[in-house]
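Per Swiss-Prot, these features apply:
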{"type": "DOMAIN", "residues": "25-294", "note": "domain 'CoA carboxyltransferase N-terminal'"}
{"type": "ZN_FING", "residues": "29-51", "note": "zinc finger"}
{"type": "BINDING", "residues": "Cys29, Cys32, Cys48, Cys51", "note": "Zn(2+) binding site"}
{"type": "REGION", "residues": "286-318", "note": "region 'Disordered'"}
Amino acid sequence: MNWISNYVRPRINSIFSRRETPENLWSKCSECGTMLFHRELSDNLNVCTNCDHHMALTPRDRFTALFDNGIFTQITVPEPLTDPLKFRDQKKYPDRMKAARTATSEAEAMLVAEGEMGRTPIVAAAQDFSFMGGSMGMFVGNAIIAAAERAVALKRPLILFSAAGGARMQEGILSLMQMPRTTVAVQMLKEANLPYIVVLTHPTTGGVTASYAMLGDVHIAEPNALICFAGPRVIEQTIREKLPEGFQRAEYLLDHGMLDRVTHRARMRDELITITRMLMGQTPAVKGELPAPAPLESDAETALASDTDPNGAPPSKD
């Protein structure tokens, strides 16, 4: 009996029992269907290693990749009124907010931070599409205003990463009001002669595209990002025609003069450093090892003295 209980039963249990495996070890590429190991995907900045599809990236992950050594300071954003319209569809608006905060571990759909990028001080803002579709509400409006005011106060450029489905339905006209508010915030930067660079990521649509996302001094997009006001499906149903291949995608907009660059995520930081320093009138960033410093005058005199004999005669050329 002891042999059965001590050896056979544990052996059977070990064979038939399922190991508990974390659910987030693997991710499936939505473009090509390849299963990607989470660490491999994270090291590649959430870009598929098979088809180069750019997946969503959280604001904190973007800032970690953007700022020097991943170090940044989050800027506090004023909190707006909670559920001012008492909106309810299938769920109450506060319940949707609570679910989004639980799922993302973030307070709202935009994060604002400051730090250094290539030794250049900047202010950055990024939208989180996983938080209610990155929708533009009163908080997002407050965040952009806070970012612009901080940039003006410190005389720093502002870099914004957009990712949104448009205005937040649950806030109604108060959400649409953020379009002129954010436009005024961008104008503050222009009056202060500070660069405003927008990186459009997939997707950037609706009222976000119609306001602050297309008001930058430079517009850069990630590959194959959908950038539009009304989506292609809505347009096709309205005009009853099939749209061209790649319509409203980043490459299409670049060909038609709506964008300045389409840049791979892996090269985005270097691109932003170059453009930011150029617009700020700074010298190009030094890449690689810095050159050895020039010798000081006292060092040069010491070196000359070591090459001279005790009688003061110059060294022999033999």
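A Cβ is built for glycine as well, from the same backbone N, Cα and C atoms used for every other residue.
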Let me spell it out: take the zinc finger (29-51), skip the flanking residues so only those 6+ beyond its ends count, and list any with a Cβ under 8 Å from a Cβ in it.
57, 61, 65, 264-266
Tell me, if you would, which residue among Cys48, Cys51 (binding-site residues) has the fewest other CB atoms within 10 Å in the structure shown?
Cys51
Can you list, in sequence order, the residues of the same chain other than Cys29, Cys32, Cys48, Cys51 whose CB lies within 8 Å of the CB centroid of the Zn(2+) site?
Ser30, Glu31, Gly33, Thr34, Leu36, Thr49, Asn50, Asp52, His53
Residue counts in helix (H, G, I), strand (E, B) and coil for the zinc finger (29-51), per DSSP?
6 helix, 4 strand, 13 coil
